[in-house]
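**Student:** The structure is given below, and queries will be raised subsequently.
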Amino acid sequence: MKKISKKEVEHIVHLARLTLDKGELEKVTVQLDTILSYVEKLDELETSDVEPTTHVFSVCNAFRDDVVSKSLPREKALVNAPRQDGESFHVPKII
Amino acid sequence: MDLYELTIHQALEKMEQGEISSVELTRNCLDRIEKIDSKLNAFVTVDREGALLQAAEADRKRSRGEGGLLCGIPLSIKDLLSTKDLRTTCGSKILEDFVPVFDATVIQKIKNEGGVILGKVAMDEFAMGSTSETCFSGVPHNPYKRGYVAGGSSGGSAASVAAMECLGSLGSDTGGSIRQPASLCGVVGIKPTYGRVSRFGLVAFASSLDQVGPIAGNIDDTARLLKCISGYDKNDSTSVKQPVPDFSGFIGKSIKGLKVGIPREYFGEGVDPEIAAIVENGINILREGGAEIRDVSLPHTEYCVAVYYIIAPSEASSNLARYDGALYGYRDNKSETLLEMYKNSRSAGFGDEVKRRILIGTYALSSGYYDAYYKKASQVRTLILEDYKNVFDECDVILSPVTPLPAWKMGENKDDPLSVYLSDIMTISANLAGIPGMSVPGGFTRKGLPVGIQLQANHFMEEKLFQTGSYLEREVDLNRPELAL
């Protein structure tokens with residue numbers, strides 16, 4: 001059985017904020033299907049009682065003191081912006 | 001003998017004795033880069049002027065008796081560590097013109113110790129790959145055979161060290177990206193324990209797996225570099241408050257009674273017979289040196305690739321959401337709406353492999369699939385950790401091949417991502433478990449391609465890697481062929 005359809009891939013492409021042309025979509029659907037079929041291997045293992053690991057060492061609440069410190073000056077923060085006016089980032093109109 | 005042939009240790013001694021200066025050494029490396037890098041493609045950006053200024057400063061500091069642990073040593077840096085005022089591309093078109101405004105913590109530490117940064121080296125785009133072939137600016141060759149891959153993702157780091165363009169390098173390892181290219185290029189590479197080294201300023205790929213580490217021509221230099229970059233950093237809440245040992249102190253320490261585990265799952269079919277023989281030779285050398293060799297089992301090894309290729313793309317899809325064309329990086333200027341701008345900028349800026357992984361991750365994390373994929377993989381990750389726990393109850397180190405195959409020809413497996421993913425089978429479990437791993441040269445194939453031996457140790461036991469690795473380095477007869485440059 002197919003793990004993933006072309007329609008599902010189209011939806012994922014949108015969620016990931018990407019675009020693919022028709023040829024790319026065909027190819028990626030096959031590749032994702034192969035990969036997802038392979039990872040199905042994990043279903044061989046019974047894991048209902050196993051705690052998931054997200055981080056190897058659980059660092060709990062890495063708080064720091066609430067002290068004011070230097071931050072990046074505005075002109076530096078803007079230096080790599082594709083478009084800016086010296087005060088803010090420019091993007092296409094939203095509203 | 002040319003100065004670029006010196007080890008870090010030798011170069012420091014010669015500078016200390018006033019026989020050479022850092023400016024002479026740095027210029028020698030830069031000239032070598034100019035001469036050979038058009039054939040090697042290790043460098044993305046060479047900072048000749050900046051490097052010579054840093055070298056002159058290092059010479060001044062040394063003359064005042066202020067030099068640090070790396071005073072005047074020329075290094076290359078993988079192009080995903082943020083370097084202030086020096087372009088950092090991550091091997092991607094989307095960051096082609098990106099010039100960071102701050103240094104990564106490890107870069108700051110290297111600079112504090114007087115290290116000289118020659119430039120930035122090639123890598124797979126966003127560190128996603130095992131060959132460095134997805135680097136937008138050109139593919140590094142294997143220094144022992146042109147037309148063969150240098151490995152990846154830190155292919156430029158390993159190639160630049162092996163080709164003696166620099167005396168050492170920093171790379172990063174998410175699923176083998178330091179150990180695998182080190183093995184394929186015949187140099188030493190170490191992935192430290194997760195949390196040993198700060199990730200602040202390391203461009204994020206998979207945050208629970210990424211770790212910065214050194215690549216150098218020998219064990220002693222690797223130990224020195226690791227000492228310089230290790231330690232807790234308040235800017236990385238996952239870095240761990242652990243004292244940093246003097247790793248060099250474990251070099252040459254006796255291996256009598258050292259318990260070395262050989263995981264039977266790493267020696268199945270699919271392992272190249274020449275690699276198996278080279279690793280077997282390493283085992284025999286340790287046995288003759290007084291180590292206790294034990295047959296051990298890591299039963300969940302066969303599930304590691306599946307776990308990794310859910311967890312790493314999931315974390316990547318989240319981390320790479322920041323490249324949207326708004327604040328920095330490539331922007332498609334023809335887009336009229338914000339959504340179009342996101343989609344068009346990302347589609348034109350990312351390469352195929354990065355897009356593929358973003359899509360796998362987006363799917364695995366999407367509504368209705370989270371439990372089946374990410375949660376399931378994280379549960380199996382726990383079983384992999386337990387495997388290691390059991391083995392380290394009775395062993396000091398685990399010895400195995402680094403890869404099933406030696407370096408292969410560029411362009412192979414291009415349309416078959418899964419077969420490339422499967423070649424990572426021996427390295428990714430260390431990232432999933434957060435343990436340290438090292439690749440140390442073990443020999444060369446009949447074709448003259450390098451083969452490394454992998455050593456793994458328990459959390460924060462890098463010293464065992466240096467102890468065992470240095471014994472192998474001393475006793476293995478490498479018969480190193482000439483570089484093909």
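Placed from the backbone N, Cα and C atoms, the Cβ positions cover glycine too.
So TrEMBL lists these for the protein:
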ACT_SITE  B:LYS78  active site, charge relay system
ACT_SITE  B:SER153  active site, charge relay system
ACT_SITE  B:SER177  active site, acyl-ester intermediate
DOMAIN    B:24-465  domain 'Amidase'
**Student:** Among B:SER153, B:SER177, all listed as active-site residues, which has the most CB atoms within 10 Å of its CB?
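**Tutor:** Compared across B:SER153, B:SER177, the most Cβ atoms within 10 Å surround B:SER177.
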**Student:** I need the CA-to-CA distance for B:LYS78 (active site, charge relay system) versus B:SER153 (active site, charge relay system), whole Å please.
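**Tutor:** B:SER153 (active site, charge relay system) has its Cα 9 Å from the Cα of B:LYS78 (active site, charge relay system).
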**Student:** By a simple count, how many Cβ atoms lie within 10 Å of the Cβ of B:LYS78 (active site, charge relay system), its own Cβ left out?
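**Tutor:** Excluding its own Cβ, B:LYS78 (active site, charge relay system) sees 31 Cβ atoms within 10 Å.
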**Student:** Per DSSP, B:LYS78 (active site, charge relay system) is which: helix, strand or coil?
**Tutor:** strand
**Student:** In angstrom units, rounded to an integer, how far apart are the Cα atoms of B:SER153 (active site, charge relay system) and the residue listed as 'active site, acyl-ester intermediate'?
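**Tutor:** Taking the Cα atoms only, B:SER153 (active site, charge relay system) lies 5 Å from the residue listed as 'active site, acyl-ester intermediate'.
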